[in-house]
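Annotated features in TrEMBL:
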REGION    630-654  region 'Disordered'
TRANSMEM  24-46  transmembrane segment
TRANSMEM  211-230  transmembrane segment
TRANSMEM  236-260  transmembrane segment
TRANSMEM  287-308  transmembrane segment
TRANSMEM  346-364  transmembrane segment
TRANSMEM  384-401  transmembrane segment
TRANSMEM  537-558  transmembrane segment
TRANSMEM  564-582  transmembrane segment
Amino acid sequence: MGCCSSTEGDRDWKPTENRKYTDIPWLIIFSLFCIGMALICGFAIATGGASRLVSGYDSYGNTCGRNNTNKKIDGVPLSGADMTEKKYVFFLEPCKFDIISRKFKSIALCVSQCPATELKTYRELKDFALSNGSYLCSYELTPRKYENSNDRFSKCPKLPVPQSNAVPVFHRCIPVDISCYAEFAHAFITFVGDNTVLRRVIAGVITSKEIIMGLCVLAFVLSLIMTVVIRYISKVLVIILTVLVIIGSVGGTGILWWLYADQKHGLSNNSTSVLLKEVAGDNDKALLVYSIGATIFTVVLLLLMFFLRKHVSLTISLFHVTGKVFTSLPLLFLHPFWTFLGLMMFWVYWVAVLLFLGTSGSPVKNNSTGVVEYQMQGPLQYMVWYHLVGLIWISEFILAFQQMTIAGAVSTYFFTRDKDNLPQFTVVSSSINTLRYHMGTVAKGSFIITLVKIPRIILTYIHTQLKGKENACARCMLKACVCCLYCLEKCLVFLNQNAYTATAINSTNFCSSVCDAFKLLLENAAQVAVINTVGDFVLFMGKVLIVSCTAFAGVLALNYQQDYTVWVLPLLISCLFAYLVANCFLSLFENVVDVLFLCYAVDKKLNDGSSGRPYYMDKELMEHIEKSGKMGKYKSPEGAGQEMKPMRGGGTSA
């Protein structure tokens, strides 16, 4: 990218009072891309894709409820009909659905009324057509011929015609009894093995819906509490991790050496055949190699734990400060909800436009079936790929916007000396500042993630399509490429998040922020490694605790429910929701920890705790520096030096 090729040297990390617009060209590019997305939507609507999807169309290219006389299709004599009075789509075989192509293979007709009752004979079919003008057989077959024409078996619906819903779904006649769709659920039912079991499980979910909702609320409350109190139990969790690692490594190594000694002793006393002795000798050598390797690994691991023990205390201090951040900035809790809402709204829009595109294009007669299909030909067919890129880029943009907002709010908290006198609506101000100054940086960062994600998705799709067809070497190469791209994506996401923090502090463009953040992280590589390993374990234990408490409460509640016998699925649903909620809140917690660490590294680099250069960090972090012997003079943050004031556009200023 050329981000770190600048010759300007190390940057003076000093928040400026005046915000600067960053990465304006990328904001223009992203805006043009969004205009392209809007044009695709407009094209789908203008070419009738939206109206055909909403109103429905028959197998001859006629849009139901519309006058199609000026849309005659060559080679299709039944096209170009006036369907103003026929507003509903009726399928001759409503259960003939092709799952692969996601289309009905049945002939579709425009009708004025869906059958309100079951029609068992062709006479009832004829009487229904004559009574309301709703012909359920092909257009060229008049109602008078329903009973005696030989074409009625191929051009009329299969008897009996099922009753349709009183309210058509998107102008489609859908049978009331959906038992004809049983083949779609056949695989699932076969997996379950017993319809009665499936019925009891579904009944259990319906009967316990109040308990499920209560457990979901409990998981939400526990996640909120855990986000605040995890700072108090982080030390205990770190001790548990240390003990487990020591026991696992030392114990595993001891067991391997014991197995080796036992194998050696058995080999010396064994009087079996020569072949068995050779096998035992090979096992003996393998155990020796494993034991030596485990011993080296254990020694290195214990030495690392000994020398990095001070960095572990930094992780605990960061967790303490993160808890304070959430207490001082409670609006941070709401940000994941706004992000989720934005993603949901965009995804609904994206799916709607995709469906519009599926019914856009030029009408083409399928010579094998005789029905009309709409296909996009020429350059227009690439609009779907453009739309797919838009799904990934804009989704990543929404997530990056949240990260930039969090970075701005947390950096404002960190660089404010009087934590009891924070600026009002810090989180809201950070969102406004991101909208005003740093949308280009967010667009560029999200685009880089998109560049990595797209080939990974393509390779994953190719691997799925070729499953069972490619050789072992090709399969291994595909998996390796997908794995490498996944790891690269995770690294870039972490680097992007720190770049957003640098932008929030320095108001620099994306490339400069990436370079600055990378250099700072490289200077503190040991602390970064410890925070990401120990911190991830602590947060994982927090998730486990939330899910365990929810599961325990669910078992107690469901144990007294006597209205059903199978309550495994309700409990699984509750635990799954508990994990999703816990992951949402604790991932937010993790983001705040990462932002605080970069702010801490900046503060430690620029200041030394003296009266002339006092620290901005909280007392817990200063105590960590004091214990590590890197602080010349301890200085309390209250009232020390000049106060860092909020910027006019985000971050803070001296």
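A Cβ is built for glycine as well, from the same backbone N, Cα and C atoms used for every other residue.
Between the transmembrane segment (537-558) and the transmembrane segment (236-260) there are 3 or more Cβ pairs closer than 8 Å, counting only residues 6 or more apart in sequence, so the two stretches are in contact. The transmembrane segment (346-364) is in contact with the transmembrane segment (24-46), judged by 3+ CB-CB distances under 8 Å for residue pairs 6 or more apart in sequence. Three or more CB pairs closer than 8 A are found between the transmembrane segment (236-260) and the transmembrane segment (287-308), so contact between the two stretches is assigned (pairs 6 or more residues apart).
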